[in-house]
Amino acid sequence: MSGTGENGNKPEGSGIRMFGTGSKSSANGSFDPNKAPERKQPASGKKADDRKKKYGPTKRSTSAGTNKKPGAKPWSKAPSAKALGTGTKPGANAKPETETAAKRQSKPAETVGKRPAQSAQKPAETGARTEARSTAVGRTPAQSPTSAREAVKAPQRSKPTSAAERVTAKKSGSAGEASRTKPIPGRGDSDRSAGIDAPGSGRGGEAPRRRKMQVTAREAALNVLAGVDESGAYSNLLLNRTLQQAELSPADAGLATELVYGTIARQATLDYFLNLFIKSGVKRLNPWVRGLMRMSLYQIKYLDRIPPHAAVNEAVEIAKKRGHQGIASMVNGVLRSVLREGDVLEIPNDLPTNERIALQHSHPQWLVERWIAQYGEETAEAVCAANNEPPKVSIRINSLRGSREELLQELTDEGRSVRASELSPQGVIVESGGNMANDRFYRDGRFSIQDESSMLVAEALAPEPGMSVLDCCAAPGGKTVHIAEKMKNHGRIVANDLHEHKQKLIAEQAERLGLSAIETSVGDALSLKDRFEQASFDRVLLDAPCSGFGVIRRKPDLRWAKTPDDAAAIARLQRQLLSSVAGLVKPGGILVYSTCTIEREENQRAVAEFLRDHADFVAEPFDIPALENIPQAGGAGVQILPHQFGSDGFYIARLRRRG
Ligand SMILES: C[S@@+](CC[C@H](N)C(=O)[O-])C[C@H]1O[C@@H](n2cnc3c(N)ncnc32)[C@H](O)[C@@H]1O
């Protein structure tokens with residue numbers, strides 16, 4: 001899988017979407033993380049037009065990234081973050097995966113032995129989004145709508161000044177850079193200048209890193225939203241850190257998670273609606289006020305189980321606590337207008353299709369146009385809709401420690417609702433049952449947490465016991481350990497990754513699963529050809545860094561962070577990597593190329609160019625019955641789209657070197 005692009009369904013990787021297993025009530029709208037989400041579905045319609053007539057033109061053209069200049073090519077311009085109301089600059093997304101080899105800091109390429117490390121469980125970042133349960137909240141006196149002037153951004157906001165601060169404040173587009181420090185709301189100058197004061201941290205003071213904060217679920221969520229908006233922090237990392245600092249029940253942590261991911265995912269749609277009610281436009285609001293408005297509207301519009309008035313009352317309380325009465329009045333006025341005129345919260349259906357899809361499913365218009373060009377309108381819309389669905393929780397059995405049937409029975413006996421995956425012979429779908437990374441069977445190495453489509457990569461590679469296998473971009477190791485399990489832990493598996501700190505992620509998984517055949521290695525995959533003999537591996541896996549557009553439902557902010565230039569840069573690196581590692585495959589051996597994106601440029605086109613330039617390789621079909629009926633996107637390999645199986649969008653090509 002891939003760069004942004006790591007397997008979303010692994011404990012080591014991307015966004016956590018379910019926390020804990022408890023079902024305690026939260027103070028203000030309780031939230032049961034064990035239940036499937038029940039969200040309202042957005043509908044398009046004409047009512048917004050009436051509202052437009054009444055309240056004047058909307059900010060639609062900027063809020064959904066539709067800042068297209070007349071005559072501009074659909075792909076020619078990414079919506080600026082500014083246009084999306086995020087306050088981050090488009091250029092602020094450093095992407096290590098797109099670095100050329102020359103630019104990258106060279107690291108000594110060393111092969112290290114197996115590491116015995118076994119660390120504490122990390123929170124599962126899979127987990128379905130959870131649902132909110134309704135709780136009545138007392139009424140706040142209604143106040144008349146006021147101008148948003150009081151809540152608009154201060155014209156001068158201090159920016160990080162030192163180089164180090166600037167680096168920290170920048171947002172990397174790669175989830176692979178998970179260890180990079182990100183600012184936390186409530187800490188540091190930029191937060192203070194943005195009016196973000198973490199409750200409990202004390203205004204003007206640097207909060208100790210591990211200090212616990214007494215915050216509500218909504219305050220915690222707002223801290224994250226404001227931090228993402230203000231400094232371009234990764235939502236999943238900031239959420240993890242915020243939740244570690246906040247003393248929330250599992251149910252409240254679940255609610256905070258839902259609010260963060262849901263609000264970010266629905267941002268363009270929310271801004272479109274808010275702009276119908278906020279004269280000066282949502283973009284001009286102070287980041288935390290903007291976050292509060294979006295988050296509150298998200299509850300009103302998309303969460304069935306939170307009473308709208310509770311969402312409004314909570315928002316007003318937060319505004320008072322964090323700002324002042326003027327802001328609270330504005331928040332109250334706008335949100336109560338929304339409640340009164342809720343029937344205008346529909347996207348007009350007479351918009352051009354690309355614009356309507358972008359607004360209705362909250363995606364940047366350039367991305368929608370790109371997918372329409374690649375897949376047609378119907379499929380592009382289905383992909384966008386699927387990207388807003390909560391991801392399934394899926395696990396892969398460790399076939400060395402029991403069969404799928406046994407684990408299904410044992411998990412059922414534990415009270416979980418589980419079923420066999422239709423896509424992967426080792427896959428199990430967990431319909432309910434909480435955080436699988438806390439399960440004793442997980443600790444015992446009986447299964448790994450992995451998305452179903454990722455499970456198909458090892459099937460395509462078809463490794464056998466005793467073989468030598470090279471996994472070029474291996475961390476955090478989800479596919480490496482699957483390969484080792486298929487090889488019954490016999491043979492040699494070299495698991496390489498560019499980043500030294502990721503070695504331990506692979507080693508931990510190998511240790512947990514009892515797999516000793518894996519060696520970890522650090523280095524640029526472009527230099528693997530200099531470190532290993534040509535034609536020395538039976539199987540080579542290049543699970544390449546990629547744009548990650550197949551895992552947007554796990555990483556909702558990805559859609560706002562990436563630009564067309566990112567996709568082009570990563571596509572160049574992928575071609576270099578593919579050519580570079582091909583010579584390591586033995587004659588008759590197999591090279592598998594995979595990504596977690598749905599971009600043809602990174603998938604079919606990359607493989608087609610490779611085959612054109614490497615006559616000694618040929619594309620081969622692989623036998624996965626469930627994939628037989630999906631429409632092939634053309635060319636070599638299999639493209640899985642997120643709406644087809646409810647799995648991650650994924651591409652897999654099997655290339656055999658002629659004997
Ligand atoms: C999609 S992820 C791999 C996921 C992994 N195969 C799994 O299943 O857990 C891509 C990985 O490539 C690594 N990477 C990026 N550029 C690389 C390069 N030039 N050489 C080696 N690894 C690289 C990233 O650190 C990231 O861990």
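Quick reminder: no glycine exception, Cβ is built from N, Cα and C everywhere.
Keep in mind that TrEMBL annotations are predicted by a computer and have not been checked by a curator.
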- [ ] Check TrEMBL for me: it has Cys473, Ala474, Ala475, Pro476, Gly477, Gly478, Lys479, Asp497, Asp543 binding S-adenosyl-L-methionine, so pick out which one of Asp524, Asp565, Asp566 it puts in that same site.
- [x] Asp524
Task: Rounded mean pLDDT for the residues that make up the domain 'SAM-dependent MTase RsmB/NOP-type' (383-658) - done: 95
Open item on the list: Just to verify a number: CA distance, Gly477 (S-adenosyl-L-methionine binding site) to Cys596 (active site, nucleophile), in angstrom, no decimals.
Closed with: 15
- [ ] Express the distance between the Cα positions of Ala475 (S-adenosyl-L-methionine binding site) and Cys596 (active site, nucleophile) as a whole number of Å.
- [x] 14
Open item on the list: Can you give me the Cα-Cα distance between Asp524 (S-adenosyl-L-methionine binding site) and Cys596 (active site, nucleophile) in Å, rounded to a whole number?
Closed with: 20
Open item on the list: If you count other C-beta atoms within 10 angstroms, which of the recorded positions Cys473, Ala475, Cys596 is the most crowded?
Closed with: Cys596
TODO: Write down the Cα-Cα distance for Cys596 (active site, nucleophile) and Lys479 (S-adenosyl-L-methionine binding site), rounded and given in Å.
DONE: 13
